[in-house]
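Worksheet: the structure to be examined is printed underneath.
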Amino acid sequence: MQRLLSPPLKALTGSRCLRPLVPRAAPGAQCGCSCGMRRPLRPGQYSTISEVALQSGRGTMSLPSKAAGRMVGRWLLVCSGTVAGAVILGGVTRLTESGLSMVDWHLIKEMKPPTSQEEWEAEFQRYQQFPEFKILNHDMTLAEFKFIWYMEYSHRMWGRLVGLAYILPAAYFWRKGWLSRNMKGRVLALCGLVCFQGLLGWYMVKSGLEEKPDSHDIPRVSQYRLAAHLGSALVLYCASLWTSLSLLLPQHKLPETRQLLWLRRFAHGTTGLVFLTALSGAFVAGLDAGLVYNSFPKMGESWIPEDLFTFSPILRNVFENPTMVQFDHRILGITSVTAITALYFLSRRIALPRRTKVAAVTLLALAYTQVGLGISTLLMYVPTPLAATHQSGSLALLSSALWLMNELRRVPK
């Protein structure tokens, strides 16, 4: 037996890559007997690769790639939930006309709300210097001001929570070595988008605080900046949710047929249409276009209202004419639900896994629910609870579309 094992052992111990890992005997420690006794190793001597890793700390820092991927996926799923909460809270803030109540922006200073009567009165006096109080809320009491102030305060503080939910775990995972090279780029982009989102929010609020001597209209933020603020939030939400689903859900090995290729492309286009419909809602909210024509399916007494092209040049009507903005939102909503219905029936013609079929059914159900919420919100003159539910439904619909698109993604070779 010794003759059989001696050559392999000599080959291993003689290898250059393993030679440093073999403990060197102390001077005088060698004996002529074959008793097999091992002397204790001096500090700094290692016998196996695992001992080197443990001693250097590397073995305690890393996780298997699959386990690390699941951890990162769960983290991004939580992050997408916080972004959804910020979008919903921002919608409620807009519906209650609370967004212009805080006339300053400080990253740290404004985290502490007023506590005394003197501080509240000073905050109220600052608000009274801006157009919203002078034109719209000139008879507002301090108690009413506190309500809208706390609404905007909660939205801003939630935004800070979103930033911490992204940045702190990202730094921790980076330090632990749980992010692949590709994932590091994505995480950096997401964290950068979070910071950009906060700055864009204040840039939006500033547009509603500016004095406009030639205008006596209700002060409101720019619908362009509102759409940019919502759009960046939706991009952040979609990117986080897509990455988390890709890490958490096992990928299906579907046969690459022509029908599946068309279904995948159609799902991508439908998701883009849902995103565009949700984004158009920012122009509806920014111009209060939901209060222009409160009838369905006609707009007033006609299918196409007469004041659809009142602005010049014509392109301004798409973004600044409340009638055209509501008309566009209606058309996009009807087109989206039609595309989702067609997508569902196309998916029925292909043999798909059960989870993918559930995603398609969920998308269809949410689409018709969202249409019902939108029509109800319009007919009831945009009540705040119903309008907030409609805005939340757009996120649920977008999430379901991303889920289905993720189910149909191509398996890498």
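The backbone N, Cα and C atoms fix where each Cβ goes, glycine too.
Features of the protein shown, as given by TrEMBL:
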- 75-95: transmembrane segment (TRANSMEM)
- 157-175: transmembrane segment (TRANSMEM)
- 187-205: transmembrane segment (TRANSMEM)
- 225-249: transmembrane segment (TRANSMEM)
- 270-293: transmembrane segment (TRANSMEM)
- 329-346: transmembrane segment (TRANSMEM)
- 358-382: transmembrane segment (TRANSMEM)
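Outside the transmembrane segment (358-382), and at least 6 residues removed from its termini, the chain residues within Cβ reach (under 8 Å) are 95, 290-291, 293-296, 333-334, 336-337, 340-341, 343-344, 347, 352, 389-390, 393-394, 396-397, 400-401, 403-404, 407.
Touching of the transmembrane segment (225-249) and the transmembrane segment (270-293) is concluded from the presence of at least three CB pairs under 8 A, sequence neighbours closer than 6 excluded. Same-chain neighbours of the transmembrane segment (157-175): 68, 71-72, 75, 78-79, 82-83, 85-86, 89, 111, 184, 187, 190-191, 194-195, 197-198, 201, counting only residues six or more beyond its ends whose CB sits under 8 Å from a CB of the stretch. Taking Cβ pairs closer than 8 Å, the transmembrane segment (270-293) reaches residues 91, 94-95, 218, 220-224, 226-227, 229-231, 234, 238, 299-300, 305, 319-320, 322-323, 325-326, 328-329, 332-333, 335-336, 339-340, 343, 377-378, 381-382, 387, 391, 394-395, 397-398, 401-402, 404-405 in its own chain, all 6 or more past its ends.
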